[in-house]
Amino acid sequence: MIDSHCHFDFPPFAGDPEPYLVQAGQAGVSHIVIPSVGARNWQPIQTLCARPASPAQPALYYALGMHPYFASEHDAGTLSQLESRLETVSQQAGNRCVAVGECGLDFAIPNADRQQQIGWLLRQLELANQFNLPVILHCRKAFPELMQCLKSCPPIRGGVYHAFSGSLQQASQLLDLGIKIGVGGTITYRRANKTRTTMTQLPLDAMLLETDAPDMPLAGYQGEPNQPDRVALVLAALAELRSESLAVLAAATSKNAEFLFALPSQI
């Protein structure tokens, strides 16, 4: 399994990641993709992903981007820094930067500067194309505007809409633009009828598994930090919903993540 979206540089992982990596490895997690939120955590994530790998633990990869929720931390200079850092890592042999993100639109933020967010997203879509990388997308209360941005600057390498909780119609619009669907803890809640139904109707090549740890706790774990080994529980919930085997879904979602992020194959 691949956890395609885990903030592994956040607490509680940041202090001592080792036990969480051991747990994830024991659960069958082979890779973890760590999205960034802004300039403050680009270097810590890169350092984390450069740690010596253990065969029994997941391999760590990262994305560089500007999260709209942390808009107060960004300015025009942040975009320039992002381009410079992407340029630097693109020239490094064996670099582990596999995407631009987490980027997107968050209009649920009180008094959000929508035009500023749109401008930042469009520039990050351009950077993704410039450096031949996919995008990791965040979206709250802004789906029509997100679609307009994606159509204005289509991501050449595609991307993933993380923490999807929408309709089949919305998922189909994303898939038409090469955007995969991030399947996370939402589907473990029986009240999430729309999302759960959508997941039963998607093709196998559309989905990536994720935890969004330490956020997005699963049903039964409310009030606890989420963690990457629980991607196995997301897989189990998806298998139950779709009446498909764990093995088939694990293989398909891992293949999708490997293709999107150009990760080494588990096979």
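Cβ coordinates come from backbone N, Cα and C, glycine included.
Remember, it's a predicted structure, so these values are computed and weren't measured experimentally.
Under the heading divalent metal cation 1 binding site, TrEMBL lists HIS5, HIS7, GLU102, ASP212. Positions annotated as divalent metal cation 2 binding site by TrEMBL: HIS138, HIS162.
When secondary structure is read from DSSP and collapsed to three states, GLU102 (divalent metal cation 1 binding site) falls in the strand class. Cβ neighbour count for ASP212 (divalent metal cation 1 binding site) (all protein chains, 10 Å cutoff from its Cβ): 22. DSSP assigns HIS138 (divalent metal cation 2 binding site) to a strand segment in the three-state reduction.
Within 8 Å of the centroid defined by the CB atoms of HIS5, HIS7, GLU102, ASP212, the record's divalent metal cation 1 site, lie the Cβ atoms of CYS6, ILE34, PRO35, ILE136, HIS162, ALA163, GLU210, ALA213, ASP215, excluding the listed residues themselves. Geometry remark: HIS7 (divalent metal cation 1 binding site) versus HIS162 (divalent metal cation 2 binding site), CA distance 12 Å.
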